[in-house]
Amino acid sequence: MGPLKLNTANLSQIVAAGAGRVKVPTYRRGPALKEGIVHVGVGGFHRAHLAVYVDQLMQNHGVTDYAICGVGLQPFDSAMRDALSSQDNLYTVIERSAKGSFANVIGSINSYLFAPDDREAVIAKMAHPDTRIVSLTITESGYYYNENTHELQSEHPDIQFDLDPANEKTPRTTFGFLYAALARRHQQEEWFHHPSHARVFRPSPHPEVAQWITDKGAFPNAMVDRITPQTSPADKESLANTMGIEDSWPVVTEPFMQWVIEDQFSDGRPPFEKVGVQVVKDVHAVEEFEKHKLRLLNGSHSAIGYPGQMAGFNYVHEVLENPDFNKFVWQMMQEEVKPSLPEIPGVDIDQYCKTLMERFSNPTIMDQLPRICLNASGKIPQFIMPSIAEAIWVKGPLRRLCFVAAAWFRYINGVDDQGNTFTVDDPMREELQAKARAGGTKPSELLSITSLFGDDLRNDKRFMQEITNAMEDIARDGILKTLPKYID
């Protein structure tokens, strides 16, 4: 018998064919569930993270009023709409590790709305009384947030479009949809919650709505973590051949999963603690967890991704199989990033770093370097530059961090050390590449983009010397020959 198409009718057969390696939802779905969560951005990470936690609450704790309505805002989200609709909004999460592969069919996404087809339906769903949480998984650029000023990029054409009262019913951005729903809730004088930053609504064309959001909205900070590579055709084929499931768009991920969230909700929340979520009262605790994750995990991903792709590697684990890269990443974490991080009660930073290296080295999830390198202009200012800034402030070591920044500056040109071209997928690609061409092996042109780097870095002689040296060495000798200079 061939693989079974994933849908509600086939679940019992899928379990039988899975020989103990496949779990499926046994709770009632559809009208039996109340959709208390609207989630914008149903990609791989959401389906491997929040949707899994909610599925566990439904499966193991009888929660029925926080099913998820997924929302796609962009034209490319039609692919997810079609995949989910063809299989009753079910999908498979494949966990891979050295111990083997296990599959969980997830049923927590109960419906899906595609905004380009019906924007009003999305606004109405967000504003519906059953909706108690609106959550987001969007890229860094989708936040329209300036890391240097810590404000909304209010001059961006998309934001300007959404600020025009004439366009309230046809928003372009996530925040335009949220504002339209909040304004409707304001009219109804009902409470509303969404996890974002209240400050992004301050440019509102209706001050009374902005004040209502400030008074009655809740905006919990959160830290999320689970490595989730892009799904490949080989992943689909493997699922069909080994577990007998034909899934249009499964998710491959690691066993590790973490979520730390501030306990600040205006209209109730699910009992997240029951499924391992760390719910904390202190917003500063969340911020400290987030700083650890951004600078150690994401910063190390940057140290693997840009130099690794320039050196000709394809996957994260392949980079760390190189002894020089392995030492470099570990030493950068220990000597240049860790000293800037706050201590968190109950968290052993050294053990956290060791766990990260183990996770990065997992060969079974085949984590692609292009995924790591995507949208770097929204990542480097968060993942690498803050550690550099703090090292400058305390006169600490920073040469490895400068090597990573220099590798990205070379990466921007779209040519690796072997002369092979690749696509630089970044919303600022044209400006970045123009600056990179103008600057050559000097960093000044790229560092003049103050929206990414601010004004201070160019004035620090030590930083400028370190990054210039790294850029010149990489240009002359390539990544692999330069790397040993940065290892003790």
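Glycine is treated like the rest: Cβ placed from N, Cα and C.
Cβ environment of Arg47 (NAD(+) binding site): Tyr91, Val93, Ile106, Ile109, Val251 lie under 8 Å away, each six or more residues apart in the same chain. For Ile37, Val38, His39, Val40, Gly41, Val42, Gly43, Gly44, Phe45, His46, Arg47, Ala48, the entry in Swiss-Prot reads NAD(+) binding site, with the evidence type similarity to another entry.
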DSSP state at Gly41 (NAD(+) binding site), helix/strand/coil:
coil
On a simple 10 Å Cβ count over all chains shown, which one of the binding-site residues Ile37, Gly43, Phe45 is most densely packed?
Ile37
Across all the protein chains here, work out how many other Cβ atoms are within 10 Å of the Cβ of His39 (NAD(+) binding site).
22
